[in-house]
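Structure record follows, encoded as structure tokens.
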């Protein structure tokens, strides 16, 4: 063949080879793209067990809401002045969160080193025990001590967030995270229902609970039931919850592979005698894969400083602080506002009706998490949805401040009752208020997804812990701050007793401004 002929063939052969290679690569890319779109199967059993443990935390926290003000009043610490009850009940709720602040980071860091199970299960059991004992309190000091102890152990909550993140990936997050977020509103629906229904059970239901013990301790039963639910969850966790800490999971897989290889090598040696090839195969099979080797190199958790200086983590922490402060304040103020008599600046609802109102709010939040949140997370930008949720708070506090003037329009000072028409309007306003207040619930699962998106996987519990610390500090401060603000406003009749409304709306607007930083940081990262 002539050189010219050979030269003329070479480009064609080369082009054919490139075409085949490009076709092969395109098929591979298409297959990879399709594979990425297929959601990873959800570990239903593990998530079910984890949800049973997480389910009790909001119940334990919220079962106090309907009766805590009455409990404090019965203890006598407020000296019979209902205007000061809110201050002391706020302290009870604050010290629980203070205990969490003191232990969250320590427990989260510990779980990043020794595993999730050894920290999560004992902590949940301890919270259950101190919750049951709280119902036996006979003094304000005893109430404070028991709630602090429960709060110290409740600091393990971020570990649950980490386990959920480790059991899921980006392909099934949009489904699992809203389902996980559903646990909190369900707990917030059941907790107040338990508290409002079972307080003074011996008086309400003498045929069923007419025991002298329950007459002496009328708040024991609503504390004991959440304890029992927590014990059931811990029992399930002890027998069925698997360890998810990445370093421990990798070590277990490596050990299982070594055992399997040793067993095969042993049988092969027995049949044919040991050879260099067999030893080489065993050595290769127990070696780390490239992915495992990379994980092994990067398995050391990030330092606290590295997490804090990260702009995205700072934005999430700051926004989370406002979110938790405003969310908890709305619940605390609503409970106190409803408990306070109309002439003292409130609405004057009994504890059982307050419990029903919180239960309705929990059902609303549950339906939103189940029906709306998954679609929202798939359709819209997470940072923008977060900002939208924060916009609900100024409206919540503004509407809440209108309830007392509305109640006063139909209030009879002689009979201490509200006209039925006014009562209907009042309940309608409360329904709208609760709906607005539960819009922000979507922000909590979004916060969890943003943490996973921006934090190193080997420091996930620590990152969750840092965000949870900032949120828990807010939860520790807001019951005392908001209830004291309410008491000061009403007792001194500042702005007609509504100074607290003006201040809470102002804080809400500051929270909206802070939430915009998440969108700014996210956009900047995408541009890089």
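Keep in mind that glycine also has a Cβ here, set from the backbone N, Cα and C atoms.
The feature region 'Disordered' is assigned by Swiss-Prot to 1-20 (among others).
Taken from Swiss-Prot, the feature transmembrane segment covers 87-107 (among others).
Beyond the ends of the transmembrane segment (125-145), by six or more residues, the same chain brings 56-57, 60, 71-72, 75, 77, 88, 91-92, 95, 153-154, 217, 219-224, 226-228, 230-231, 234 to within a C-beta distance below 8 angstroms of the stretch. The transmembrane segment annotation in Swiss-Prot covers 125-145 (among others) and rests on sequence analysis.
The transmembrane segment annotation in Swiss-Prot covers 148-168 (among others).
For 174-194 (among others), the entry in Swiss-Prot reads transmembrane segment, with the evidence type sequence analysis. Proximity of distant same-chain residues to the transmembrane segment (174-194), defined by a Cβ-Cβ separation under 8 Å and at least 6 residues beyond the stretch ends, is recorded for 39, 42, 47, 51, 54-63, 65-66, 164, 167-168, 222, 225-226, 354-366, 368-370, 373-374, 377-378, 438, 441-442, 444-445, 448-449.
Per Swiss-Prot, the feature transmembrane segment maps to 220-240 (among others); the stated evidence is sequence analysis.
If you look up Swiss-Prot, you'll see 260-270 marked as compositional bias 'Low complexity'.
If you look up Swiss-Prot, you'll see 260-299 (among others) marked as region 'Disordered'.
The feature transmembrane segment is assigned by Swiss-Prot to 322-342 (among others), with sequence analysis given as support.
For the transmembrane segment (357-377), the residues of the chain that approach it from at least six positions outside its boundaries are 62, 65-66, 174-175, 177-179, 181-182, 184-193, 196, 331, 334-335, 338, 349, 385, 430-431, 434-435, 437-439, 441-442, 445-446, 449, judged by C-beta separation under 8 angstroms. The feature transmembrane segment is assigned by Swiss-Prot to 357-377 (among others).
Look at Swiss-Prot and you will find 388-408 (among others) tagged as transmembrane segment.
The annotation transmembrane segment is assigned in Swiss-Prot to 424-444 (among others) on the grounds of sequence analysis. Sequence-distant neighbours of the transmembrane segment (424-444) (same chain, 6+ residues past either end, Cβ-Cβ under 8 Å): 181, 184-185, 323, 326-327, 330-331, 334, 347, 357, 360-361, 364-365, 368-369, 372-373, 376, 385-386, 389-390, 392-393, 395-396, 399-400, 402-403, 406-407, 418.
Annotation comment: Swiss-Prot describes 460-479 (among others) as transmembrane segment.
Look at Swiss-Prot and you will find 493-513 (among others) tagged as transmembrane segment. Listed as Cβ neighbours of the transmembrane segment (493-513) (distance under 8 Å, sequence separation of 6 or more from its ends, same chain) are residues 319, 322-323, 325-326, 329, 333, 345, 387, 390-391, 393-394, 396-398, 400-401, 404, 482, 485-486.
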Same-chain residue ranges lying at least 6 outside the transmembrane segment (322-342) that approach it to Cβ under 8 Å: 62, 65-66, 68-70, 82-83, 85-86, 89-90, 93, 348-349, 351, 353-354, 357-358, 389-390, 393, 396-397, 400, 403-404, 407-408, 411, 416, 418, 433, 437, 440, 443-444, 447, 471-472, 474-475, 477-479, 481-483, 486, 490, 500, 504, 507-508, 510-511, 514-515
Same-chain residues at least 6 beyond the ends of the transmembrane segment (87-107) whose Cβ lies under 8 Å from its Cβ atoms: 61, 64, 68-69, 71-72, 77-78, 119, 123, 140, 143-144, 147-159, 332, 336, 462, 465-466, 468-469, 472-473, 475-484, 487
